[in-house]
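Colleague: This is the structure, below, for whatever I ask next.
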Amino acid sequence: MLSNIVKKTIQSSKNLKSLVLNKSTSSLVYQKRFLNVHEYQAQKMMKSYGINCPVGNVAETPEEAEKIAEVMNTQDLVVKAQVLAGGRGKGIFTSGLKGGVQLCSSAEDVKKFASKMLGHTLVTKQTGEDGKVVHQVYVTERHFLRKEMYFAILMDRKAGGPVMVASPEGGVDIEGVARDNPSAIFKEPIDIMIGVQPEQTKRLAEKLGFSKKNISMAQDQMKKLYDFFIKNDCTLVEINPLAETASGDVLCMDAKLNFDDNAAFRHPDIFKLRDKSQEDPREVKAAEFDLNYIGLDGNIGCLVNGAGLAMASMDIIKLYGGSPANFLDVGGGATQKQVTEAIKLISSDKKVKSILVNIFGGIMKCDVIALGIIAALKELSIATPLVVRLQGTNVEAAKKIMEDSGLRLIAADNLDDAAQKSVRIAEIVSLAEKSDLEISFKLPL
């Protein structure tokens, strides 16, 4: 598995949601983990722990949504598109509908909006231009809120455990609050050996501005959220907003939950909720072969062993003016089959114009890498130019295997050389495609 640090760094480059709570470098960062559940799933789980959430139900058709609204028997309704991405409220559907969260006053309204959401693609600032297809909508009761606040529990590497993070400015982009008004962010580190303490939750409840009569209720909800976080091996429990309603209730209006994939064996029921249709299919495919893959936006594919070397390879590609198309770590002991599948995966990305293979053989043997590359090239007739830099165990055997293969592999002896060749080739291929030209490369470059 990727380390949290590597995942955080890579996913930040994908413009995924991350939170830095200090002006300077902070260790308080959360990121998308292996499992991220839908809002309706999150609220169902939370309710079983006594956490207050709005009444609601999920629908997969406009007719189901209408029936749910009829049963709720109220004119104060909300229909929410269910996608694993933030920014729904300001998103745009391929149907032309603006906003993935719509207020409704009747069951007919709910059906109308559900029909414009279900089966359509929602594009938000977090989905990228491809967006995500909506397969469910969540129909809930609407509440009139007296005050909206932000509350989260996440893992803090610096503190060595969980920390509660809260702000009186909820219902908005919390990253913007942290950037523009860091004094509005409050933190309470938790000693995992004794758990969250009443004085901690009271301090936060008072700083958030709960009315005096609701301080104890807010404390109770914070304690239950912490219990949920610990018992389910969460990496993030985010409530935005945590609200005080006009009727005097304390409600978790919207929830984002992430679970530690390393604890999947302890929570099979939770991990069955994984919605692969909302994930990058390349990442799903990579997981089948125990490959650590994260798709990016560039045009230079990367196949590397070791997360640190992979990060360095991506950095040097950027240094020479290129842009990596992915992070792919085959690990320290990959098989020929894994290498073959890694090459297939990278080459399946139409944006990729060149591929950099950078292997330092320790436990991983260079000849295994060479055999995997050749197998993939022969099986798929891959035309994408490959720049291969190998060093370490069995490197001479690997070079001979590649020379004897008769395939047009571009060799490099050091990382600078490999990166420069990869960037140059990607530029040439991109220009040729724009000009509708066919090109070939004469070796050595």
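Cβ atoms are placed via backbone N, Cα and C, with glycine included.
Not my notes, these are from Swiss-Prot:
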TRANSIT   1-17  transit peptide
DOMAIN    43-270  domain 'ATP-grasp'
SITE      D76  site 'Important for substrate specificity'
BINDING   K80, G87, R88, G89  ATP binding site
SITE      F144  site 'Important for substrate specificity'
BINDING   N240, D254  Mg(2+) binding site
BINDING   N305, G362, I363, M364  substrate binding site
Colleague: Could you check what DSSP calls D76 (site 'Important for substrate specificity') once collapsed to helix, strand or coil?
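Modeller: Note: D76 (site 'Important for substrate specificity') is coil by DSSP, not helix or strand.
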Colleague: In Å, rounded, how far does the Cα of G87 (ATP binding site) sit from the Cα of D254 (Mg(2+) binding site)?
Modeller: 12
Colleague: Can you figure out which of D76, F144, D254, G362, I363 (the recorded positions) comes closest in space to R88 (ATP binding site), comparing Cα atoms?
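Modeller: Among D76, F144, D254, G362, I363, D254.
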Colleague: What's the CA-CA gap between I363 (substrate binding site) and G89 (ATP binding site) in angstrom, rounded?
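Modeller: Here the two Cα atoms lie 49 Å apart.
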Colleague: Residues other than K80, G87, R88, G89 within 8 Å, Cβ to Cβ centroid, of the ATP site?
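Modeller: These residues sit around the ATP site: A81, G86, K90, G91, G99, G100, V101, T124.
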Colleague: In the structure shown, which of the recorded positions D76, D254 has the fewest other Cβ atoms within 10 Å?
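Modeller: Taking D76, D254 as the recorded positions, the minimal 10 Å Cβ count falls on D76.
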Colleague: Could you state, as a whole number of Å, the largest distance between Cα atoms of any two of N305, G362, I363, M364, the listed substrate binders?
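Modeller: Comparing all Cα pairs, the maximum is 10 Å.
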Colleague: Within 10 angstroms of the C-beta of R88 (ATP binding site), what count of other C-beta atoms is obtained when all protein chains are considered?
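Modeller: Summing over all protein chains shown, R88 (ATP binding site) has 22 other Cβ atoms within 10 Å.
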Colleague: Report the nearest neighbour of G89 (ATP binding site) in space among the recorded positions D76, D254, M364, comparing Cα positions.
Modeller: D254
Colleague: List the Cα distance (Å, whole number) between D254 (Mg(2+) binding site) and K80 (ATP binding site).
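Modeller: Pair distance, Cα basis, whole Å: 11 Å.
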